[in-house]
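> Okay, so TrEMBL annotates it like this:
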BINDING   A:28, A:73, A:210  Mg(2+) 3 binding site
BINDING   A:45, A:121  Mg(2+) 1 binding site
BINDING   A:52, A:263, A:334  substrate binding site
DOMAIN    A:26-137  domain 'PurM-like N-terminal'
DOMAIN    A:149-299  domain 'PurM-like C-terminal'
């Protein structure tokens, strides 16, 4: 079977009638028509076997996750998904069952978000997936990292550290059973991008980022881009934004996972305290839990927006006093040049 | 040096003020603003070491080519480049000099076409480049493969078979010197996407495709998508669309290169014969040679647009009689699951 046949059989579906898509797969380019006045948001992520997923991962979970991590970037911008492209390098003899699973996982999530797969590329090579997503957002409502302001609340969605727990379980670093362990594996393998929350928060938030590399590292990107700092209330974080299965771990492990665990794909965002009720109402509408975990304070001038800003975070306790981390907490951000070993 | 530092140092430049770019690198998404009424054209290509380029390729040439093959897809659609994203998997210890060369080659071509690098991703992994390009085109002027009509002329730009000659020289399959050999190497390593021609031809052409896999294979995509067939005049092709250095090869080799050589990134397009003078004038404005090499005739109903349509091409001589190919001509389209061996 040729590469064209493989793509056609598993990945192609009609895109006629899908919102914003004039021409889908099968030409030199796809053609999109964003609604008038909308900006087009673009993001791409590349996933490599042994780095971003374990080589024996369920292909359906991989298809889901490859798209989810990209939709998460749209969510952080407040953008509505329109379309995506998939470039895929596959071993020389493509395993059709594997490819079919990948397509099922990816397309199911794409359908759930109205995101049309409009093109891509397939080639032979070491396994590699590159997804590019396109969404639309009113330019004035796009939540830029640089927009955080001193006095803002810092909020986070969902369950931090849970995906890191899932990774520890898959790697066999921890041998746990019971409530929350299945949810942790699911969070790692099939993260749910916070698209609905991102849309509900349009106009209510200043800055937002998605948590792919760990809370401190990603909040740090906001802080570096905006030229501010933050106080994060560790007690509030552990109580309201970390699931019980992570809280039940030894303190150094729980804090490492909550502060530096990657792959959660939650949103961290900042908003004026006058918006507290509105933020909570928006989160309820989106069906996504959120927790207020700190506030933005003045900081050093803006640095390169991808500069390490984790050092701009001051950890405090519920009373506002500096929080003393127990020995053994490891806070380096997830580094994509470090290998994930199974 | 971290991945962020590497990206920042070599690939980042201000995008403020670039046409259509609201927000460039350094946030969760880039934000683009296509001009009102324009459709957004999207295409992506993945390049893998050992498949699409030789492992010891000059990184500056590789950066050029990775973008060029994508701009070529915009050209085939009649779209003006706006922006691109680059996802890059690099060996665990990135070679900074190599990366700097890659950036120089890519950014020089991006600048030449007003195409802002607005985002991307970097990760450790086997060398892989995935470029996604975004352009704008009036939807009514986008040249779709399915729009070819019986009676249309078939045109091709530039120099077919030249990149294949370049590959033969690099591989050492041929040992030639003299006029045209340097141009052939350049055509392979630094193809010039026919963006200016694509823009000049807006409104004049019916269908267009770029020649990445070989003339027969790519013209075949038009024919399959439109449900038509074509007669290609081999004498006209050799005389007007094949460079002298290819024409001078043994006939079987010259025909193989001209009909099935990949990587030329020329445009093949169809247009009403009433547009002949207008097409020639547009090509002059764009500074790109074009040649009329055949015509569209009725054919079997439309098939899957990526179906093999090379069998819909009838080769004829200058007098319209069937053309008998000499023994040894190999006409299979370039297959990305076949390895390029140096």
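Cβ from N, Cα, C; glycine included.
Show me how these features fit into the shown structure, please.
Taking the Cβ of residue A:28 (Mg(2+) 3 binding site) as reference, no residue of its chain lies under 8 Å away while being at least six apart in sequence.
Annotation note: residue A:121 (Mg(2+) 1 binding site) sits in a strand segment as assigned by DSSP. All protein chains shown were included, and the count of other CB atoms within 10 Å of the CB of residue A:121 (Mg(2+) 1 binding site) stands at 23.
Model confidence over the domain 'PurM-like C-terminal' (A:149-299) stands at 96, taken as the mean pLDDT rounded to a whole number.
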> Rounded to the nearest angstrom, how far is the Cα of residue A:73 (Mg(2+) 3 binding site) from the Cα of residue A:45 (Mg(2+) 1 binding site)?
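Between the alpha carbons of residue A:45 (Mg(2+) 1 binding site) and residue A:73 (Mg(2+) 3 binding site) there are 9 Å.
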> Taking the Cβ of residue A:210 (Mg(2+) 3 binding site) as reference, which residues of that chain separated by at least 6 in sequence fall under 8 Å from it?
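Listed in sequence order: A:72, A:73, A:75, A:76, A:193, A:194, A:218, A:265, A:266, A:267, A:268.
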> Distance check, please: Cα of residue A:121 (Mg(2+) 1 binding site) against Cα of residue A:52 (substrate binding site), rounded to an integer number of angstrom.
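Counting only the Cα atoms, the answer is 20 Å.
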> Starting from the Cβ of residue A:73 (Mg(2+) 3 binding site), draw a 10 Å sphere and report how many other Cβ atoms land inside it.
27
> Sort residue A:73 (Mg(2+) 3 binding site) into helix, strand or coil using the DSSP assignment.
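It is helical.
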> Count up the helix, strand and coil residues in the domain 'PurM-like N-terminal' (A:26-137) according to DSSP, in that order.
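The breakdown for the domain 'PurM-like N-terminal' (A:26-137) reads 36 helix, 45 strand, 31 coil.
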